[in-house]
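Enquirer: Dropping a structure here in structure tokens format, bear with me for questions.
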Amino acid sequence: MFGIWGHEKAAELAYYGLHAQQHRGQEGAGIVVSDGKKLKLHKGLGLVNDVFKQADLKKLGGKAAIAHVRYSTQGDKGKGVDSVQPLLFHSLTGSIAFAHSGNIMNSHELRGELESLGSILQTSSDSENLAHLIKRSKKETIEGAIVDVLPKIVGAYTFIVLKEDKMYVAADPRGIRPLSIGKLGDGYVVAAETSAFDIIGASFEREVLPGELIVISDEGLESKRFAIREQRKMCAMEYVYLSRPDSDLNHVNVHASRKRMGAELAKELPAEADMVIGVPDSSISAAIGYAEQSGLPYEMGIIKNRYIGRTFIQPSQELREQGVKMKLSPVRGIVEGKRVVMIDDSIVRGTTSKRIVRMLKEAGAKEVHVRIASPSIQHPCYYGIDMSTRKELIAANNTVEEICEIIGADSVAYLSDQGLEEAIVKDKTINQGVCMACMTGNYPVKGES
Ligand code: 5GP
Ligand code: SF4
Ligand code: MG
């Protein structure tokens, strides 16, 4: 997600901001702009580059924009362009656009309520529920309506709403999904990842706090609270896997945290080996940390074709396997005859590890010791990461020994819960708690899924 307020080149900057966050979703992209009087939308299926051409951005114009890249989760399976965000609604009193990230756990219930009141919903998107709830609120202002509606929502979410003359930004009471505010000249920017600020030369201001609603307009920035501030529970998987290494989440740099995960892993689970290799790209930081701590050389044993999207974005298992095959290749000259420690950031379904171990063995590796830079994922995520059924999680259905056998490794071991938490949370005084529910089963937000 991305938002910008108070800049002549709002649409173009939104495009760059999306581009820096392309890894967060590859199914679709959209931008809505405001010129102060009306809202305009351009969206489509595919990558940011496919959806937007120079002429589209020119046509959009505007001095404020919100933007989104789409990655559908289990609870949110709409596939067509209608489900691509931002969603834009017109009415007699003006227009309103929504971009949302995360998962609303009680959306089924909210939908039922809305339909019984006569709302006709057009998409399967959570954001549409939010839009209708806000429209139906009896409060006079949009601020009032948002503050009225948000406490009804159970789940993990961040969102940006755009009106002709204002932008609204909010994060759930636990702050599970990341969202930061930056400054660019006299204007403001908002992004899930700070990598989007760097690319457009904006400076980081602060995080959107758990349970906070921020209203941005030409008058500046105003903060309101719609929920009691609870301890933050930022998604640990953002650090482990999802975010870009150059992003800072909650004052912690992602690459640095991954290196600490790798170093912890080396302390907890050393291996007799000749070299350490990482699975590109997300495991390289952890592999460097492991190598540094263990004293083993870090080697480039696997290379990645960078023109193929992330495996987990592709919907079916069959496609996933195909994607993995196309994506990674072993470096025979490096691994042949060697004992290799292979670091991966996580095992979800087991597809990646299995394929890579086989690939390394076929390339002549003598032993492959798999070390995973996060604890085993045994519980579904209800907060917006696409692993929402126990059935698909290899560690929910197999012991570590069985996993080792399935993926054909010489040994498999995972980082401890405590090791991961310590690698992320550097300074407890700045409210840096993390969600680790998919590993511990300890869910910070309870509700239906
Ligand atoms: P698997 O192949 O075991 O399903 O997925 C684990 C590997 O793919 C890791 O290398 C990780 O980087 C990536 N990955 C694929 N899907 C997901 C997902 O839904 N969540 C996380 N955390 N990582 C995933
Ligand atoms: Fe992130 Fe796991 Fe928590 Fe989901 S359950 S928000 S993936 S840490
Ligand atoms: Mg990976």
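For all residues, glycine too, the Cβ spot is worked out from N, Cα and C.
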Enquirer: Since TrEMBL lists Asp344, Asp345 for Mg(2+), which candidate among Ser282, Ser285, Ser294, Ser411 does it give for that site as well?
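Expert: The record-listed residue among the candidates is Ser282.
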Enquirer: Near ligand 3, which of the binding-site residues show up if the criterion is a Cβ under 6 Å from one of its atoms? Options: Cys235, Cys381, Cys435.
Expert: none
Enquirer: From Ser282, Asp345, Cys381, Cys438, which binding-site residues have a C-beta atom under 6 Å away from some atom of ligand 1?
Expert: Ser282, Asp345
Enquirer: Near ligand 2, which of the binding-site residues Ser282, Asp344, Asp345, Cys381, Cys438 are found, taking a Cβ distance under 6 A to any of its atoms?
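Expert: The binding-site residues passing the 6 Å Cβ test are Cys381, Cys438.
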Enquirer: Can you check how the pLDDT averages out over the domain 'Glutamine amidotransferase type-2' (1-219)?
Expert: 91
